[in-house]
Amino acid sequence: MMEVIDSVLGDRQSAIQLIDESKKFHQDALNYFNKCIDDRDVGLDYHVISVFGSQSSGKSTLLNHLFNTDFDTMDAQVKRQQTTKGIWLAHTRKVNTTHKLDGPASDLFVLDVEGSDGAERGEDQDFERKAALFAISVSEVLIVNMWEQQIGLYQGNNMALLKTVFEVNLSLFGKSHNGHKVLLLFVIRDHVGITPLSSLKESLIAELEKVWSELNKPVECEDSSLYDFFDLEFVGLGHKLLQAEQFQEGVKRLGDSFALKSANPYYFKPQYHHNLPLDGWIMYSENCWEQVENNRDLDLPTQQILVARFKTDEVAQEALSLFHSKYSGSVDHILDDREKLGEVLKNLKQECLIYYDERAYRYAEPVYLEKRSELAAKMEAEFRKTIGNFLDQLSESLMQRLQTEVLDKKNQHLPFQKRTKILVQSTKEEYWTAVSSFQQLELLRSTEEILQHFDEQVDTKIKQLKNDEVNTLIARANKSITLKVKEQAVHYLSNPERDTWDKILDMFEKTIQSSLSKYEISEGHYDFQVGFTEEENDSVYKKVCSRAWHVLNVTVHDYLKPDTIVSILRDRFETKFRYDEDDSPRLWRNEDEIDRAFRIAKDHALEVLNVLSFAATSDHVEIVPAFGEDNHEEDECYEDELGIQHSRHFAHILNELQKEKVLQQFRRQINLTVLDSKRSIIKTTTAIPIWMYLLVVALGWNEFVMVLRNPLLVTLVLLFGVGFIFVNKFGLWGPVLNVAHNAVAEVRITAKEKLRAIVMDEDEKRHLINSAGKESYEMKDMSDSDNEKIEKSE
């Protein structure tokens, strides 16, 4: 059962038995501490003091006089026996001092440890060792209470127990010594002054150093000294009964060192404190006792870290819950406003970190900072999502604007490379400004990945725009090249000569060069001003040329079909056959002249057949496209719908079979032309006999005279004769017949309408006559009835 001592002082809580004699830790210690501090923010401004010594040596009495506590004390007049059982804890802010303090002292928590070497426990030293270990683990100042006459003894002055304390201290702090110390305050009771305090001090120090030298130290602590882990102070107090005034005065002077920071010495030094907030110290002390009780290795720094981790994590979770409760509602409506978004996120982060700092900064600094960093990272992870959404919207907007401005006509006066460089720089600067603003507000820890991702987006967009620009450039160049190449190539092929292909090649190269002249930087080298490397520019040039060759290839092969070639040869033949050197029509006089002209014209026509069937220069070199128009991965020959084999090479226009067919058709057509010419000679040589003219004059003289005497008839005869000759010569009988047919049709339609009108007029007249008779009859009836009415009335 836990025992509780009722306090007789109104401003402090009763002492509690922190650890009972059954080695059980008080389960309601936290509630006791909360009552002691009364909701005040104590922070690290508290101190823990422990006392141990022999049983019935006046430990509790000393604490009650020094700190105004109410620990139970022994009544020596009744019986000397064990009074303090287990470890008791009391809280106080009142310390006995030589003069009145301006205000209450810091919160002091005093541990009264069960006395050692008691008859009640006998040889069972387990609890006293564990109690001493616990006291040194949790306290800043360890008061060693002893009598003057015990100095020089080994068991009597607790040197054996101190040896255990030293060994335990090395096991606790030796491996990871971080400057933490414990003050050993030796209070020598019943010091009557015969032996000077300095002499007693020297004796105790000598004994302590001897004990230290005999310790079994860990390897890493072999060279350590007593003073690396402990500070030593010595105080003498007079006899409580025989020297009551001196005792009280000594207690007050001792109180000055606990209450006054200006006192010399002042016992509460920073290196003594465990740097745990009060609620953390409670958890820490409970963990320490659990480790001690279970005989586990007690690593105090680790225990402090564990407590700090637990408490800081608890506070961090509270701060994070606060963050989540305010986050969504604060940012949803301002996602498109960078300044407001940054301000809201910054304020929310600061609010949560302040909440964490106020409650966690007192714990171990490395743990506090680590958890703070984790908390900030968790908030930044949420920020990253929100800021990421904002940056995605901004990125999309900037990409759209970049594309619009690159394609804007007002910027077209600048080369593509120059205008994209300017626009990309401004776009990146705007994005970088937005990202850096969030980073300056400490909302983004790292921006390298974000900026790298945006740069990749910009590069992708610029690459796309480059490709679009190049495709537009190629299309524009090919359009210009296509028009010129088709027109000029067809012209040259329609009027072939021996050097036709030389002219076509020269025209083709000049057309490409003129279309790309503004991009030419040197002979054969081009810069299309889109930021391409030399190899990429060369690739674009080759692509333009390749498409131009394709156009030429299609134009040539589509135009030079067998029928077209026959027509070209026939036109060439007829031009040479029908016209002389002055381009005047020939008048044939005899067949020999026709045969001679036929041979010349035929040879003239056939001399270009090879030109039209195979593309080669005048030096008989086959024309091969410079940029892969002939590089077919398929077979070099293919078969058309008629089963005729064709070559895929540019130069191969007609195969041998096609040439033979062209020759056959050509011969047939020119043979017909020759026959027509020879028929015209026969017609001109067949003349009308002279006697026939005389007979016509003799028999038709009267009619001839009649015509001459009638001018109108002469005029009509001349008009009709000229018209007849004109129509007959130009073959206009078809249009004349159409006009006559249309005129007759119009006359027929007009006649029908006139007849219809005449018939309609007759019908209308009859209808009017009938209508008039009926009306007169009705009027007569009405007049008769009126007369009858008049007669009746009379």
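Glycine is treated like the rest: Cβ placed from N, Cα and C.
Gln55 (GTP binding site) falls outside any helix or strand according to DSSP and counts as coil. Residues annotated as GTP binding site in Swiss-Prot: Gly53, Ser54, Gln55, Ser56, Ser57, Gly58, Lys59, Ser60.
Per Swiss-Prot, coiled coil is recorded for 331-352.
Positions annotated as region 'Disordered' by Swiss-Prot: 770-794.
Annotation source Swiss-Prot lists topological domain 'Cytoplasmic' at 1-687 (among others).
For 733-794 (among others), the entry in Swiss-Prot reads topological domain 'Cytoplasmic'.
When pLDDT values are averaged over the topological domain 'Cytoplasmic' (733-794), the model yields 65. Counting every protein chain shown, the Cβ of Gln55 (GTP binding site) has 20 other Cβ atoms within 10 Å. Cβ proximity to the GTP site centre (mean Cβ of Gly53, Ser54, Gln55, Ser56, Ser57, Gly58, Lys59, Ser60, cutoff 8 Å) flags the following additional same-chain residues: Gly115, Asn145.
Note on the binding-site residues Ser56, Ser60: the fewest other CB atoms within 10 A surround the CB of Ser56.
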